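Novice: Pulled the feature table from TrEMBL, pasting it below:
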type	residues	note
DOMAIN	2-134	domain 'Phosphomannose isomerase type I catalytic'
BINDING	Q90, H92, E117, H225	Zn(2+) binding site
DOMAIN	184-206	domain 'Phosphomannose isomerase type I helical insertion'
ACT_SITE	R244	active site
DOMAIN	286-326	domain 'Phosphomannose isomerase type I C-terminal'
Amino acid sequence: VGLESEVAKLLASSDPLVQIQPNQPYAELWMGTHPRGDAIIRDNRIPQKTLGQWIADNPACLGVKVKEAFQGHLPFLFKVLSVNTALSIQAHPNKELAAKLHTQFPEHYPDANHKPEMAIALTPFEGLCGFRPVEEIVSFLQSQTPVPPSLPVAGSGWGRCSLPSVTPGFCAAAEGKDTSGSNGDLLLRLHSQYPGDIGCFTIYFLNLVRLEPGEAMFLGANEPHAYLNGDCVECMACSDNTVRAGLTPKFIDVLTLCEMLNYTPAPSSSKIFPAAQSQLDPSIYLYDPPVPDFAIMRIEIPSSIKLYLVSAVDSASILLVIQGTAVGTSTAAASEMTLRRGSVLFISANESISLHLSSPDGMLLFRACCLL
């Protein structure tokens, strides 16, 4: 809440006229063209009011490949999240299931797109991601000691998790190495016995993943997950489709979730997605997930550099300033741009930005783009 939130801090830094309310939660900052949160253009010399409207009138800004592949739409949604209360246990459908769910239940699934996503920690960050190795699940079920033992949650607390009637069956299945269906069977049996919110049970069999700043998690289709606490930059396909299992007052769709989930067990260490340092520019660390919709660059400009070129790429991109100040110039911009913490720039395909740094500690930037 208030200025405890990284989202609120970025907002306050970027716009001195914004007044942060001390008791109001500031949870998500959206940067993109999704209909539920089309970004507002702050340059009053531009007739279009939102980024979506401007791209519709200037589709060449996307780049030839992206324009053709994504039918003239920006394919990603860029966010900053500040998590103080555990978010819902959820997964995201693949494109085929998303189209089906949108047709059947448009009030719950607002578009027909998939929603692979990546979270990169800005502060120490915790989340649940993917099923634990079966041996760990059995151990936690038998001891009935969830890890961590308590978390602030929006739905029900972890303390109500009691599994005496389902543990023997699951453990027997695990001993028989029937790992393909045992997790799904357990979820369905939990749902039949506790027809409401089963999310609190999931702590027993999902990996607890801890990220340090700069570390990332990639969440593909059908990957069960929840964000627990911390601040992160997040990028995803341009969708708001979420299948929820619990820990939320929102619509819970357990049966769909149980049918779609990836139940392959894996250790928590395998859920950390590595970044590759660029050989051409050592300031750039690239997170390039196995989906065409987006990639993210973390740009760390050291204090020794006073002039830095944000190089052109052949797709549109969105640049977010996390730390530092600079004056930006570009052949596409009518005037100089003052960039500070929280500033957000839309950069058309094949355009570059020259940054004249004025901060003594360098700069930290994140850039979302589409590298087809």
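The first residue you see is number 1, and the count goes up from there.
Backbone N, Cα and C atoms are what each Cβ position is placed from, and that goes for glycine too.
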Novice: Do any residues of this chain, six or more beyond the ends of the domain 'Phosphomannose isomerase type I C-terminal' (286-326), have a C-beta under 8 angstroms from a C-beta of it, and if so which?
Specialist: 10, 14, 31-32, 55, 61-66, 69-70, 74-76, 78, 80, 116, 118, 120, 122, 214, 216, 218, 220, 233, 235-238, 273, 275-278, 338-372
Novice: Beyond the listed site residues Q90, H92, E117, H225, identify every same-chain residue whose Cβ lies within 8 Å of the center of their Cβ atoms for the Zn(2+) site.
Specialist: A91, K115, L219, E223, T242
Novice: Quick one: Cα separation, Q90 (Zn(2+) binding site) versus R244 (active site), in Å?
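Specialist: That separation, Cα to Cα, works out to 4 Å.
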Novice: May I ask which residues of the same chain, at least 6 positions away in sequence, place their Cβ under 8 angstroms from the Cβ of E117 (Zn(2+) binding site)?
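Specialist: Spatial neighbours, sequence-distant, of E117 (Zn(2+) binding site): H92, F218, L219, E234, C235, M236, A237.
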Novice: When the pLDDT values for the domain 'Phosphomannose isomerase type I catalytic' (2-134) are averaged, what is the result?
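Specialist: A mean pLDDT of 94 is what the model gives the domain 'Phosphomannose isomerase type I catalytic' (2-134).
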Novice: How big is the gap, in Å, between the Cα of the residue listed as 'active site' and that of H225 (Zn(2+) binding site), rounded to a whole number?
Specialist: 10
Novice: Could you list the residues of the same chain, at least six apart in sequence, whose Cβ is under 8 A from the Cβ of H225 (Zn(2+) binding site)?
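Specialist: Expected: I89, Q90, A91, G127, L128, C129, G130, L206, M217, L219.
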Novice: What's the number of neighbouring CB atoms sitting within 10 A of the CB on Q90 (Zn(2+) binding site)?
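Specialist: Neighbour count, Cβ to Cβ under the 10 Å cut-off: 26.
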Novice: Across all the protein chains here, work out how many other Cβ atoms are within 10 Å of the Cβ of the residue listed as 'active site'.
Specialist: 23
